[in-house]
Amino acid sequence: MNRWNETLDSKKRSVIILFIFLSVVVPFVPAILAVLVVAIILYMIKDIPLQKLNYYLFIGVVISGFLGPYLALPAFPSFFLFRILIILHLFLFLFEKKDFKKLDSVKIPIILFIVWILYSIFSLLWTSSPSLSIVAIYYQIESFYLLFAFVYYINNFTKLKQMLTWIVLIYIMTIAIGLWEILTGNHLKYSAGNILSYGDMRPTGLLVNTNDYSSYIAFYIPILLLFLFNKKTIFKSLIGIAALGALTFIILETESRSGLVAFVVVAVLTLYKIFHHKILFFFGLTMSALLGLCLLLMRHGAQLTTYFTGKTDSTSQRAFMYETIFQLCKEHNFLGVGIGVTPKFVFTALYGTSNIPDTMQRTMSAHNLWLSNLSDVGIIGFFPFVLLFMWFVTHAMRLYIQNQQLLAAIPICILAAFAAISIGSSSIFEMRIVWLGLGLALTIINLLGQNTNNLKIRTGVTR
């Protein structure tokens, strides 16, 4: 007993000495506190299997990917939690026992993505701006890892439900932020309105600009509707109708044409999947929406016309950019100027090379992923990316038609939103929400495809 008390007293003394040491040293060397936190976390997780640990860590990667710079140290906004977690996740993955057999049904898109990256790396041989190319290749690798990790770690429906729950919670929070921005005119810290110090009532949510925010809303609305309409009740249906109304209001307030197109297409595809067995109800819902649209046009026709045609300067500028990029492709014989370099040529075409402020970024997005990609890596590097998208569309459409579950509508909805956004958004390469969405689409295609194949094997049905 005395020996036990002596041991306990010794531990107490050690803890007291440690706290005294930290109270003296931490004010001068704050990094020691971070090291201590890491050491405590490592001690707590030492008995957790590595694969299970990586699964939970990937959930952290996804959550931090959506929240972006809002999970960063105030002094280092560009060094946010997502960057730390994804590097840590990749490092732990290297030591994990691999099981690539579960990726057999989706190995074609993964290989095509890898080929696209490899050709981009090959373009470093002739790029005119290695620094821009290396940054672009980093974003490609990051995008690939998000897509790969999604389908690798979310390998059953239980994990998928957990992931979708986190995504929809963040989505609801972002909707609330958007409504708050519209009603108050205030924005979060990293919104373009705050960064560039100009007054703008248009919402941006947790993202930087309005186009990105509208893209995010269009991408993930099927998940919200899945939670509301998977098991239909009157209460959930009323919430779903209210949510659609609120989202329509937010999309219109963003004044993003590509976002609006994506939202309408995704909403129609999802609602048809929900109510296709009640064709009269779906027809009545569609007619009611068209009637409401006609009344809206009658009362606010001029305002809505301005919504689509009032951005003449922006439209003319984009037409000029597209012409410039296509001419750039022809000048380089469709072999590419080097991955990530096209924005440099677009900026030069728009602003020239003289009288440019030193603080001004000397790149300008092409606002068209397809043209920009063709210009960057040429027809050879562009080919695997096109095949990748075609594989996605083919399998997503087949799933949408053949599978009656509402979950089966998500992949084609995400791809429809991607197609619209890839022409309208200025920063799709850097938008983690896009590549996380594509990873989710690939995961659902993989899981539902495996489920169908297993059912055929059990029932003795073959193709």
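Even glycines carry a Cβ here, placed using N, Cα and C.
Residues or ranges marked as domain 'O-antigen ligase-related' by TrEMBL: 243-385.
Annotation comment: TrEMBL describes 15-43 (among others) as transmembrane segment.
Long-range contacts of the transmembrane segment (55-73) within the same chain: residues 79-82, 85-86, 88-89, 92, 146, 149-150, 153, 159, 162-163, 166-167, 170, 174, 188-190, 206-207, 432-433, 436, each at least 6 residues beyond the stretch ends and with a Cβ under 8 Å from a Cβ of the stretch. The transmembrane segment annotation in TrEMBL covers 55-73 (among others).
Under the heading transmembrane segment, TrEMBL lists 79-96 (among others).
The feature transmembrane segment is assigned by TrEMBL to 108-126 (among others). Only residues 6 or more beyond the boundaries of the transmembrane segment (108-126), in the same chain, are considered here, and those with a CB under 8 A from a CB of the stretch are 133-134, 136-137, 140-141, 144, 147-148, 151, 335-336, 338-339, 376-378, 380-381, 384-385, 387-388, 391-392, 442.
Per TrEMBL, the feature transmembrane segment maps to 132-154 (among others).
Counting same-chain residues at least six beyond the ends of the transmembrane segment (166-183), those with a Cβ under 8 angstroms from any Cβ of the stretch are 59, 62-63, 66-67, 191, 201-206, 213, 216-217, 220, 223-224, 227, 243, 246-247, 249-250, 253, 440. Positions annotated as transmembrane segment by TrEMBL: 166-183 (among others).
Taken from TrEMBL, the feature transmembrane segment applies to 213-229 (among others).
According to TrEMBL, the transmembrane segment annotation covers 234-252 (among others). Beyond the ends of the transmembrane segment (234-252), by six or more residues, the same chain brings 175, 178-179, 182, 203, 214, 217-218, 221, 224-225, 228, 259-260, 263, 267, 307 to within a C-beta distance below 8 angstroms of the stretch.
Per TrEMBL, transmembrane segment is recorded for 280-298 (among others).
What TrEMBL records for 377-394 (among others) is transmembrane segment. Proximity of distant same-chain residues to the transmembrane segment (377-394), defined by a Cβ-Cβ separation under 8 Å and at least 6 residues beyond the stretch ends, is recorded for 108-109, 112-113, 115-116, 119-120, 122-123, 329, 332, 334-336, 339, 411-412, 415, 438, 441-442, 445.
According to TrEMBL, the feature transmembrane segment maps to 406-425 (among others). Within the same chain, residues 211-212, 215, 218-219, 221-223, 225-226, 229-230, 256-259, 261-263, 265-266, 269-270, 273-274, 367-370, 389, 392-393, 395-397, 399-400, 431, 434, 437-438, 440-442, 444-445, 448 sit at least 6 positions outside the transmembrane segment (406-425) and bring their C-beta atoms closer than 8 Å to a C-beta of that stretch.
If you look up TrEMBL, you'll see 431-449 (among others) marked as transmembrane segment.
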